[in-house]
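Engineer: I have a structure here, written as structure tokens, and I will follow up with some questions on it.
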Amino acid sequence: IQISDNWPGYSLDLFTYPQHYYGDLEYVLIPHGIIVDRTERLAKDIMQDIGDNDIVVLCVLKGGYKFCADLVEHIKNLSRNSERFISMKVDFVRVKSYHNDQSMQDMQIMGGDDLSKLTGKVDFLFWALLCFLLTIFFIFCKDIVGTGRTMKVLLNNIEKYKPKMIKVASLLVKRTSRPDGYRPDYYGFEIPDLFVVGYALDYNEHFRDLNHICVINDHGKAKYRV
Ligand code: IMP
Ligand code: MG
């Protein structure tokens, strides 16, 4: 689904959202219901591509947690109601790169099992090796591809193990001028080059508790700037 640059969005007055964000948002870009419906279709597409393989979902925290949870739920429902039973594992990696609304140079990958202790790449290495050894369908589950830098770092780290079936699912892709033209294998919406929040996407850790994907306004940016 392509959301064009001149799409005005929906007025905030048409929906409900937390009172503590009144005055901080410009408009609703994608209402929560549409996100969930589109995710259901992505789950169906993924199910079709899986074949008889098992699946490992690697959720990229923190922004990917809502999308990942909904995607996993839809895959489970589809699997339960079909003849084909799919076994699924879920794990988490965390990547941190943004400061305010800017992508930063240094990027940290952290394993998911114990985020405070595993600040190295132990857990990630484990999955990378498993990727090589087994014919499992791996899916990186991500909130948004902006510059594409985060995804590149993740894939570079795992690609040296020559994984057979590694796919990337991202809820959003931003229309930035990406020189490499990187595209995830599955994505929900292509959006204009705007900073968006909600549905687990944050601005300095705020707005993750907002259901809809919204565009933040200047007041909101100033209020939560660090
Ligand atoms: P990239 O490296 O520029 O592709 O950005 C990847 C990460 O930056 C995403 O996983 C998000 O966590 C964060 N990010 C990028 N754009 C946005 C945005 O518009 N809103 C909130 N977070 C964003
Ligand atoms: Mg963030």
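Including glycine, each Cβ sits where the backbone N, Cα and C put it.
What you are looking at is a predicted structure, and each value in this text was computed from that prediction instead of being measured.
Below, the features straight out of TrEMBL:
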| type | residues | note |
| --- | --- | --- |
| DOMAIN | 34-110 | domain 'Phosphoribosyltransferase' |
| TRANSMEM | 124-145 | transmembrane segment |
| DOMAIN | 143-203 | domain 'Phosphoribosyltransferase' |
Engineer: Could you tell me the mean pLDDT over the domain 'Phosphoribosyltransferase' (143-203), as a whole number?
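Structural biologist: Result for the domain 'Phosphoribosyltransferase' (143-203): average pLDDT 87.
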Engineer: Using DSSP, what's the helix, strand and coil tally for the domain 'Phosphoribosyltransferase' (143-203)?
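Structural biologist: Across the domain 'Phosphoribosyltransferase' (143-203), DSSP assigns the residues as follows: 11 helix, 23 strand, 27 coil.
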